Amino acid sequence: MLRRQRHFLPAKPRRRPKPQPKPAAEPSAPTYTRDVVRRVTNILRDHPWSAARPLLLSLPGLVWDSHVVARVLKTHPPLQKAFLFFRLAASPAADPRAAFRHDRYTYTSMLHLLGEAGRVPAMLRLLAEMLRAGVDPDAATFTTVMHWLARAGDVDAAMRVWEEMRSRRGRCRPTLVSYTACLKILFDAGRAAEGRRVFEEMVAEGLRPSCTTYTVLIEHLADAGKFQAALRIMSDMEDAGVEPDKPLCNVLVKKCARAGETSVMTLILQYMKEKRIVLRRPVFLEALEALKASGENANLLLEVNPHLASEGMEYDPTFSHLSYITDRSTIIYLLASRNWSAMEQMVNELTTRNVKFESHILSDIIQASCANCRPSCGLAVLHYSLRVGSELDRSAYSCLLGQYIRNGSFDLVSKIVERLIKHGCNLGAYLLSVLILRLGAAGHSSYAAHIFGLSPADQNVITYTALMNAYFQAGEVDKALELFTQMITNEISPSAGTYEVLIYGLQKAGWKQDSDRYRRERMEMQWHRQYRDKHSPEDSLCDHLFCGFHD
């Protein structure tokens, strides 16, 4: 029997497996400018220039361009190192491949730092260098130079800078900020007629006044005693769609209180109540005192500022004596005119007479004198307050200590802190730890240890860790380890920030075995603490200050 022939289909070619794509490499973490700026600022603040220069040149992610350099300068690093950084940025050592040249933004930032520090001749030399380099100043540059010249007392030079800016209208047109700064300079110098001409020119240029511009005008009118005109300006502001803000209301209430214009003050307080604007504490106390002196009710003032309702309500007959009122008026006038030499003599005279002043006035004098680079006046006020027993705001102590730290007067800082603590002033663990950190960063571990020993009540995990960091920065590893042992003996538990300082300091000193041991201790501590529901405030603040401190 014949079988049917089978037909088979041709074999299909085998498919080759497609090659699997290789997994893409994980992208590197982006480098943000803000992180680079923060690292550069920390290097400039925490290291001497001999150590900071190589660190800056080898810092990864640092691009030497106008944007980064200007942002670093705007963080207000120490002046001398800021100027050296400014010079380094334009040197071939920074980036040999691309020759960076300073532009108007970096020049303006450096000019501002020099002017703020009172180095007016250096500021003018840098401005001349800028012009020789062919860099055209803009309105911000001229405004900065004009402002600091006026603050230094040379109003004529400031106005010459203003005229130079106006003569460059084709290349540099004055902005609203420039006009506002010029108005402020002229009004403060008593040249009201010129100020009015500048304001009319600003309006003719089509520039709309801002709230800051109106504040300058209102402050000038209040100083001249024209409070009704100041109220009309406020009304015109609202008609123009510009709402009076908190600084303007505080300025006007302060001027009314000092001039005894309680009726105008009442109108301002009614407006503040409607807009829910509050006064600063010193202004509130001045307004309260003015209302008491005039025999008027202070209920509206207390309604506007309910958070301050319990302050300043006790009447002290010393503050109503005629001689006190005369002295107080003189002090306020000298403070407004920034006559620091006369202010210092006045305070020294009050010290011999043992006359007591309100603490908020003394705090304002210290902060203003430090802002104007006259810490000697602030130091005289501090000695006076300690003698008469007036406790100042903590911000005043911080301003004065910070000014002397920036000047490098660390022995004076130590003496000031010692005297404050002996007179019973409580600086607090945070301020003490910041002082110890700054002294340690400057290489003065002996001063840091002296301040640490002055206040046993504030010896906790924060101050212990700050002093250990100071010892490590000074290369005194044995003292740092002894301090850690003393801390454990005193039953003060170390935090994660403490171990961070300890491990980093030992690694930097080359003590690898000890560093590994403390790293294991930190892991055990963290493992035990993960089952806790709460951490002490000292531990949290210490971790916030020191974890990542050495990145």
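Each residue's number is its place along the chain shown, starting with 1.
Glycine too: its Cβ is placed from the backbone N, Cα and C atoms.
Taken from TrEMBL, the feature compositional bias 'Basic residues' applies to 1-19. The domain 'PROP1-like PPR' annotation in TrEMBL covers 103-226. The region 'Disordered' annotation in TrEMBL covers 1-31. The annotation repeat 'PPR' is assigned in TrEMBL to 103-137, 138-168, 175-209, 210-244, 393-427, 460-494.
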Stretch of maximal Cβ-Cβ contact with the repeat 'PPR' (175-209) [cut-off: under 8 Å; candidates 138-168, 393-427, 460-494]: 138-168
Surrounding residues of the repeat 'PPR' (103-137) on its own chain - C-beta under 8 Å, 6+ positions past either end: 66-67, 69-70, 73-74, 76, 79, 82-83, 86, 89, 144-145, 147-149, 151-152, 154, 165, 171-172, 372-373
DSSP residue counts for the repeat 'PPR' (175-209), split into helix, strand and coil: 26 helix, 0 strand, 9 coil
